[in-house]
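Note sheet for the following structure.
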Amino acid sequence: LKCHNTQLPFIYKTCPEGKNLCFKTTLKKLPLKIPIKRGCAATCPKSSALLKVVCCSTDKCN
């Protein structure tokens, strides 16, 4: 699996074994959904009051 790991959409890394999800974290309050954190995960991180987390399982989907 390949996941983006920076705010730039053309930079990505190959996830280590066991991390089969990509995630993207954005701030809920901003009108522009600029990712503040991206990467690989074994389980999907939880969203919070300020942060929205979206997970997916295909190459470069985050």
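Using N, Cα and C of the backbone, Cβ positions are placed for all residues, glycine too.
In sequence order, L1, C3, H4, C15, R38, G39, C40, A41, C55, C56, S57, T58, K60, C61, N62 are the residues of the chain that are 6 or more apart from C22 (disulfide bond) and have a CB within less than 8 Å of its CB. Look at Swiss-Prot and you will find C3-C22 (among others) tagged as disulfide bond.
Positions annotated as disulfide bond by Swiss-Prot, on the basis of similarity to another entry: C15-C40 (among others).
What Swiss-Prot lists as disulfide bond is C44-C55 (among others). Counting every protein chain shown, the number of other Cβ atoms lying within 10 Å of the Cβ of C44 (disulfide bond) is 14.
Positions annotated as disulfide bond by Swiss-Prot, on the basis of similarity to another entry: C56-C61 (among others). In the three-state DSSP scheme, C61 (disulfide bond) is classed as coil.
In the three-state DSSP scheme, C15 (disulfide bond) is classed as coil. When the disulfide-bonded residues C15, C61 are scored by other C-beta atoms within 10 Å, C15 scores highest. With the fewest other C-beta atoms within 10 Å around its C-beta, C56 stands out among the disulfide-bonded residues C3, C40, C56. In the three-state DSSP scheme, C44 (disulfide bond) is classed as coil. C55 (disulfide bond) falls within a strand when secondary structure is assigned with DSSP.
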